[in-house]
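Below is one structure; the comments refer to it alone.
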Amino acid sequence: MNFENNSTIAAIATAYGVGSIAIVRISGPKSLSIAQKLSKKKDIQPRVAHLVTLYDDQSEPIDQAILIYFQAPKSFTGEDVVEFQCHGGVVVANMILQELLKAGARLANPGEFSKRAFFNGKIDLSEAEAIAKMIEAKSEDAAKILAKQIKGELKNYIENLREKLIRILAYVEVNIDYAEEDLPKDLQEQIEQQLNDIQEELQKIVASSKRRAGLIEGFKVAIIGKPNTGKSSLLNALLDYERAIVSDIAGTTRDTIEESVRIGTHLVRFVDTAGIREAHDTIEKIGIERSIQAIEESDIVIAMFDASKPLDAEDKKILELIESYKDQKEFIVVANKVDKGKHLDLSDFDALYMSVKKEITPLTQKLQKLLDSFANTEEIMLVTSRQIEAVTYALENINQARTPLQMGELEIFAFHINRVIESIGSITRPMQSSELLDKMFGEFCLGK
C-alpha cells in the first residue's frame with residue numbers, strides 16, 4: 001500500500017508535557033537512513049536497544065537516547081519503524097522531531113501510524129478502534145475489555161460468525177442452481193434454527209454492549225426528584241464540596257449540572273437535574289425537559305423523595321416515571337430527610353431511608369454494587385457506535401430474510417444474507433470509502 005508516494009512519517013508518541021522519558025517515532029521507507037543520519041551510527045541492528053547521541057543538521061548534539069529499529073514487516077505499522085526514547089519534557093522531543101522532518105520525514109496525521117498498520121494487514125478495524133479507546137480508558141474493566149479486543153477476540157468471533165453465515169448461503173445457492181427443486185424441508189428448518197441462534201446471540205451482544213457502554217465512556221447517573229428533595233445536597237455530598245446551590249426555594253436548580261466522581265473503580269458522571277414539577281416559568285420548563293432527557297440518556301437513575309412529607313402529586317409524577325422506565329433503566333430510590341420525620345412508605349421500591357447531609361455510605365455502596373454488575377469483562381463487547389450500528393443492520397436483514405426463506409424465494413433470501421455477511425464483516429474490514437476511514441483514523445491522537 002502506497003501512502004503519499006511512500007512517505008516517511010514522524011510524531012511524538014508520548015503525551016505533551018513534563019516526564020522522565022519521551023518517545024519520538026518514525027515509520028516508512030526512509031526510517032533507517034534518517035536514524036543513521038541523526039545518530040551518526042551506520043550499524044543499527046533490528047530489535048536491539050542502541051544507546052546513541054542524536055545530532056542536529058549542524059552536527060551539534062541534541063540528546064543521548066535509546067534507538068530501537070523495527071524492520072519491516074515485523075513492526076506495528078508493517079513498515080520500517082524507528083523509536084527514539086529521549087529525555088522527557090517538551091523541548092528535547094520537539095528538537096528531535098524537527099530534525100527528523102529536516103531529514104526527509106513529514107509530520108504524521110492523527111492516527112496515521114494505526115491507519116498504516118490497518119492497510120498493511122497488521123491490525124483490523126476493531127483492533128484499531130480498541131487501541132483508540134484504550135488510550136481514553138476510564139476504568140480497569142474498560143482496559144481489560146479493550147485489551148482482549150486488541151488481541152483479536154472480537155475479530156475471531158466475527159470470523160466464526162461469518163463462516164456460519166457463508167455456510168448457510170452456500171446451502172441455499174446450491175438449490176438456486178437447481179431452481180426446479182424446492183429447498184428440502186429439513187434443510188429449511190435447520191437454516192431457520194441457525195438464523196434464530198445467530199439472531200439471539202447478536203441481540204444479546206447489542207443489549208449487553210449498550211448496557212456496559214459506561215465501562216468505556218464512564219457511567220451516567222441522573223439525580224431526579226421534585227424541588228427540595230435534596231438532589232443538590234446529594235451531589236455536593238458526593239463531590240465533597242458545594243457545587244450545586246442548596247436553597248429552600250423551589251426551582252433553584254433550573255438546569256442540569258454535571259460532575260464526575262469515582263465510585264470504586266468506576267468513573268461516574270452525576271447529573272443534578274431541575275426539579276420535576278408543574279412549571280409556570282419558561283426557563284424552568286426547559287430545565288424539566290432536560291431532566292427527562294437526562295433520564296433517557298443515563299445508565300442509572302437516583303430518584304429522590306422527601307421522607308418527612310406525605311407523597312403529593314409531584315412525587316407521584318416521579319413514581320410514574322419510574323414505572324415508565326423501569327424496564328429500560330436501573331433505579332435507586334432514596335427517601336431523604338428522615339431526620340425530620342418519616343411520613344411515606346416506599347418499601348415497594350426498595351428505598352433507602354437516609355439523610356444525605358449526614359450519611360451517604362448506604363447509597364454509594366448500593367450504587368457501587370449496581371455498577372459492578374455491569375462489569376462483565378468476559379462477554380464479547382461492541383465498543384463503538386459504528387460496531388453496534390453494523391450488528392443492528394445485520395439483525396434487520398436477518399428479519400427480512402425470514403419470509404423469503406419460508407416462501408421459497410431463495411434469491412431474495414440470499415440477497416439479505418449477503419447483506420448480513422457484509423455488515424458483520426464491516427466491523428473488522430469495512431468495504432466503505434476511504435473518506436470514512438480517513439474520518440475514523442483522524443479521531444486518533446498524534447503518534448498512534
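Positions of Cβ are set from backbone N, Cα and C atoms, glycine also.
Feature annotation from Swiss-Prot assigns (6S)-5-formyl-5,6,7,8-tetrahydrofolate binding site to Arg25, Glu83, Lys122, Lys448. According to its DSSP assignment, Lys122 ((6S)-5-formyl-5,6,7,8-tetrahydrofolate binding site) is coil. Lys122 ((6S)-5-formyl-5,6,7,8-tetrahydrofolate binding site) has a Cβ environment of 18 other Cβ atoms inside 10 Å.
The feature domain 'TrmE-type G' is assigned by Swiss-Prot to 218-372.
Taken from Swiss-Prot, the feature K(+) binding site applies to Asn228, Ser247, Ile249, Thr252, supported by sequence analysis. For the recorded site, Asn228 (K(+) binding site), the DSSP three-state label reads coil.
If you look up Swiss-Prot, you'll see 228-233, 247-253, 272-275 marked as GTP binding site.
Annotation source Swiss-Prot lists Mg(2+) binding site at Ser232, Thr253, citing sequence analysis.
For the domain 'TrmE-type G' (218-372), the mean pLDDT of the prediction comes to 79. Counting other CB atoms no more than 10 Å from each candidate's CB, the binding-site residues Arg25, Lys231 peak at Lys231. Across the fold, the C-alpha of Lys231 (GTP binding site) and the C-alpha of Lys122 ((6S)-5-formyl-5,6,7,8-tetrahydrofolate binding site) stand 50 Å from each other.
Cβ-based neighbour count (10 Å, all protein chains) for Ser232 (Mg(2+) binding site) stands at 24.
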